[in-house]
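Q: What follows is a single structure, and I will ask about it in a moment.
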Amino acid sequence: MEFAELIKTPRVDNVVLHRPFYPAVEGTLCLTGHHLILSSRQDNTEELWLLHSNIDAIDKRFVGPLGTIIIKCKDFRIIQLDIPGMEECLNIASSIEALSTLDSITLMYPFFYRPMFEVIEDGWHSFLPEQEFELYSSATSEWRLSYVNKEFAVCPSYPPIVIVPKAMDDEALRKVATFRHGGRFPVLSYYHKKNGMVIMRSGQPLTGTNGRRCKEDEKLINATLRAGKRGYIIDTRPLNVAQQARAKGGGFEQEAHYPQWRRIHKSIERYHILQESLIKLVEACNDQTHNMDRWLSRLEASNWLTHIKEILTTACLAAQCLDREGASILIHGTEGTDSTLQVTSLAQIILEPRSRTIRGFEALIEREWLQAGHPFQQRCAQSAYCNSKQKWESPVFLLFLDCVWQILRQFPCSFEFNENLLIMLFEHAYASQFGTFLGNNESERYFSALEQILQVFG
Amino acid sequence: MEHIRTTKVEQVKLLDRFSTSNKSLTGTLYLTATHLLFIDSHQKETWILHHHIASVEKLALTTSGCPLVIQCKNFRIVHFIVPRERDCHDIYNSLLQLSKQAKYEDLYAFSYNPKQNDSERLRGWQLVDLAEEYKRMGLPNSNWQLSDANRDYKICETYPRELYVPRIASKPTIVGSSKFRSKGRFPVLSYYHQSKEAAICRCSQPLSGFSARCLEDEHLLQAISKANPANRYMYVMDTRPRLNAMANRAAGKGYENEDNYSNIRFQFVGIENIHVMRSSLQKLLEVNGTKGLSVSDFYSGLENTGWLRHIKAVTDAAVFLAKAIMVENASVLVHCSDGWDRTSQVCSLGSLLLDPYYRTIRGFMVLIEKDWISFGHKYSERCGHLDGDPKEVSPVFTQFLECVWHLTEQFPQAFEFNEAFLLQIHEHVHSCQFGNFIGNCQKEREELKLKEKTYSLWPFLLDDQKKYFNPLYGSTSQKLAVLEPNTVSFNFKFWRNMYHQFDRTLHPRQSVFNIIRNMNEQNKQLQKDVKDLESQIKQRKNKQTDGVLTKELLNSVRPESPALKTSLCLKEQTLLPVNDALRSIEGGNPADNRYSEYADEFSKSEPAVVSSEYGVARMTC
């Protein structure tokens with residue numbers, strides 16, 4: 001497909017751009033395959049370059065021959081373009097619509113982007129699992145790297161290399177994978193050097209209604225316990241939701257089969273509930289009435305901060321179990337790709353000073369989000385202005401970033417980075433010239449040969 | 001003294017307000033003539049000044065003893081359990097008596113003795129000199145002069161003796177106008193903007209009723225207008241909601257009729273009255289005191305209190321005032337009903353936006369002394385210093401401090417002082433330890449001979465000013481500029497450090513300010529070291545004719561550098577409760593820390609009860 005087919009009018013003159021807090025700019029509007037560009041064609045004024053993939057929704061309005069397009073971006077910006085000529089305006093609008101909703105990943109800008117700067121580091125190989133494992137291997141010999149998922153055959157959403165207890169051979173891992181949702185058998189997420197305890201994560205066990213069990217699964221997670229010590233299983237779903245999951249073949253660990261584990265249920269929301277919450281929050285932020293009570297009630301009604309609190313509470317709980325109780329923890333929800341990752345990654349921010357450095361934080365996101373198979377493409381397809389309401393669209397990653405920001409606010413002297421890094425990651429997760437957040441997991445990225453393009457961490 | 005029946009009770013428990021497992025400290029309670037003192041088993045002392053006590057409540061007897069809940073005006077709430085009911089009853093009765101004095105002479109300020117001699121005391125009182133302040137504004141000048149009309153408090157008892165009025169306003173005009181204004185509070189100057197030649201004036205409501213008018217009052221307003229050569233018209237801001245102002249007309253009061261006054265632009269700004277503010281704060285404290293508050297309960301509670309709406313209304317009014325002067329060069333006359341509550345808020349906050357001097361430590365004292373103390377904000381009634389009408393109590397001054405705090409949050413480099421300064425002032429407005437805030441107007445203060453019998457707060461704050469410096473102050477344009485705050489709703493947030501200042505256990509928090517301050521101090525120390533070393537080198541050079549520096553010298557000094565010993569870097573610590581150094585960052589000791597409590601709770605029961613509830617809920621509001 002050629003982009004040119006989608007661009008009916010590549011250029012319009014005398015377009016006026018309105019942005020909040022900036023004076024209006026008049027200039028020439030150009031559409032390219034990946035960008036909307038507005039340039040006043042004067043030396044001193046800046047140009048607007050907007051990635052089509054950053055566009056969340058557009059509205060058109062006409063007053064006589066003057067058309068207006070309101071562009072709502074995934075990074076919450078709202079800009080307005082006044083375009084003379086009804087036909088031009090319609091053409092531009094339909095082109096933007098088509099170009100901002102391309103679904104083939106290989107048509108995305110990262111595949112076309114040629115950086116103007118010198119690439120000094122190969123970001124794709126900056127945080128290899130082998131290197132991360134080396135950080136632990138000096139402290140413990142109870143864990144090993146497993147290549148059982150080399151062809152993505154055992155678990156499609158896991159990376160080729162995972163860290164597992166040494167006592168478990170690959171054959172057993174394959175068996176455990178059949179017992180866990182999406183093949184996501186328990187793997188190491190974090191090793192706490194202070195006391196040798198660990199955080200593991202997985203998908204839910206497929207116990208179903210008849211209480212199926214899997215000896216290898218029990219053996220795997222028991223391998224992380226010291227003699228006489230108990231561990232904690234944190235299920236991010238409330239008990240009733242976990243119980244309902246049994247009807248669909250899922251479920252939770254039965255006490256009888258996991259006697260050394262104590263299960264705690266939390267209730268972290270997922271999916272469209274979060275998306276609706278974000279939509280309400282952004283609506284409240286854009287409220288023009290400047291009414292105090294209205295702001296507070298809309299903020300409350302959005303429930304955004306309730307979600308933040310629940311996630312942080314769960315992460316604090318996990319960190320305390322590990323650090324204070326000296327207990328190992330297994331964390332999962334249903335798939336183990338959303339709330340699970342929020343909790344495991346925040347617990348590490350709380351516990352591990354390295355993850356509060358810039359590099360350590362990048363490594364954390366690489367490990368706990370990208371390689372752990374958080375489906376970025378599905379979750380970040382749309383942002384707060386869309387009307388499509390697909391179940392899989394959900395600001396899970398944004399909530400994680402917000403939680404980090406909350407910790408940053410409480411402990412401003414303990415982080416190497418500031419909020420700008422968090423905002424930058426949010427923007428790139430939704431629309432980027434880099435390939436880091438493309439695709440839903442390692443195997444998708446592997447097969448679309450992302451290596452040719454650039455990593456944001458590079 | 002006659003009120004104290006029991007001076008010491010042992011085995012008293014102090015409950016943690018926010019603990020979900022009723023955690024408590026055991027210790028001894030002492031009752032002195034001025035303070036209630038609790039010393040716990042770790043020898044940690046909690047002092048509560050009797051004047052700070054807003055209410056004492058004795059709850060129903062429980063198996064462990066008799067609960068006594070004390071709420072303080074500085075937002076401390078303590079919950080004791082006294083083992084024997086009789087002791088509890090005695091303390092309860094004593095506190096009731098001690099916290100509500102009938103006479104000014106019984107207030108702490110009259111017995112407080114900081115060991116200063118009379119000349120030191122006098123110098124303290126002269127520290128803030130309003131005559132100097134008017135001089136600083138450039139007064140008197142060709143348009144404004146000092147009036148002697150109120151020299152003996154004959155025209156208005158609640159105004160100060162010295163008042164600035166337009167030069168062309170004659171004494172009969174002033175007298176006439178004062179008769180047409182509530183409580184005789186006629187229009188006078190509060191702040192003069194030298195470069196714009198515009199003034200902020202203040203007064204009380206006119207006694208206009210439905211149709212009354214007063215030529216002298218009209219002349220006085222015209223004179224104010226004319227005193228500003230840059231602009232023909234002036235603004236009259238009625239800080240009340242329109243409905244309230246209209247209701248006042250039925251009582252023969254009201255607001256200016258634009259038809260009767262030439263060249264005025266009349267404007268309501270809608271700040272609620274003292275009764276609404278009092279109940280708003282009451283509701284706010286109820287929300288704050290709730291255990292295990294969820295995020296949505298917190299926000300809907302906060303909304304119901306209306307507190308932040310009021311704070312925003314006051315700020316909006318001040319912004320309007322500052323804009324009128326800066327953008328339109330217009331003078332502004334501000335009033336409410338009596339002109340001592342909302343008017344003081346708006347005039348002082350407006351001046352603070354306009355004049356960077358008021359954003360310094362000294363300037364802020366001057367501002368309070370001028371717009372609040374001298375113009376007769378009724379501190380003793382609003383703060384309930386004496387046993388009086390509870391309907392007169394209202395957090396008007398607290399709101400002003402909160403508005404200032406919001407400005408410091410939005411303009412972190414514009415203020416010489418920090419949050420601690422505001423909190424300290426708030427503390428002493430209620431403490432009655434110093435004479436500044438005792439009484440309701442200057443006349444009353446003179447009659448009480450406060451300057452001879454009590455001490456002024458300001459010199460004590462200045463002695464401690466190191467504690468109140470904002471390390472980010474200065475060096476930028478923000479320091480000198482007119483502040484133009486953004487008052488969209490989400491810039492107003494709950495002031496945790498005011499309303500939870502004693503609830504340190506709520507959650508720990510690192511203070512960047514403290515770290516910057518320590519760093520600055522270390523820098524200073526290092527610079528001093530450098531100087532010392534340089535002078536040493538010079539001395540040596542003078543001695544050693546060859547001038548070669550010995551290695552020995554350099555080596556001997558290097559390890560002594562003090563800054564290198566204590567690391568400021570916190571990044572190597574876990575954010576959880578493992579590290580004592582991290583815990584005590586805000587000065588609390590480890591026992592004072594919420595995390596240590598988590599640990600106890602944790603090992604005891606359901607780990608699920610561990611929560612960072614308050615931390616998270618309050619963090620972003």
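Using the three backbone atoms N, Cα and C, a Cβ is placed for every residue, glycine included.
What TrEMBL records for this protein is below:
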ACT_SITE  B:C336  active site, phosphocysteine intermediate
BINDING   B:N273, B:I274, B:C336, B:S337, B:D338, B:G339, B:W340, B:D341, B:R342  substrate binding site
COILED    B:509-543  coiled coil
DOMAIN    B:124-499  domain 'Myotubularin phosphatase'
Q: In sequence order, what residues of the same chain, 6+ apart, have a Cβ less than 8 Å from the Cβ of B:N273 (substrate binding site)?
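A: Spatial neighbours, sequence-distant, of B:N273 (substrate binding site): B:R240, B:N244, B:S337, B:D341, B:R342.
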Q: Report the residues of the chain - excluding B:N273, B:I274, B:C336, B:S337, B:D338, B:G339, B:W340, B:D341, B:R342 - with C-beta within 8 Å of the mean position of the site's C-beta atoms, for the recorded substrate site, in sequence order.
A: B:S204, B:T239, B:R240, B:T343, B:V396
Q: On the 0 to 100 pLDDT scale, where does the coiled coil (B:509-543) sit on average?
A: 89
Q: Suppose we draw a 10 Å sphere around the Cβ of B:D338 (substrate binding site). How many other Cβ atoms does it contain, all chains included?
A: 19
Q: Restricting to the chain of B:W340 (substrate binding site) and a gap of 6 or more, list residues whose Cβ falls under 8 Å of its Cβ, or answer none.
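A: Within the chain, B:W340 (substrate binding site) has Cβ neighbours under 8 Å at B:T158, B:R185, B:S204, B:F375, B:G376, B:H377, B:K378.
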Q: Which residues in the same chain, at least 6 apart in sequence, have a Cβ under 8 Å from the Cβ of B:C336 (active site, phosphocysteine intermediate)?
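A: Within the chain, B:C336 (active site, phosphocysteine intermediate) has Cβ neighbours under 8 Å at B:S204, B:Q205, B:D238, B:T239, B:R240, B:I271, B:R342, B:T343.
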Q: What span in Å does the substrate site cover, taken as the longest CA to CA distance among B:N273, B:I274, B:C336, B:S337, B:D338, B:G339, B:W340, B:D341, B:R342?
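A: Of all Cα pairs among the recorded substrate binders, the widest measures 12 Å.
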Q: Could you say whether, by DSSP, B:W340 (substrate binding site) belongs to a helix, a strand or a coil region?
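A: Note: B:W340 (substrate binding site) is coil by DSSP, not helix or strand.
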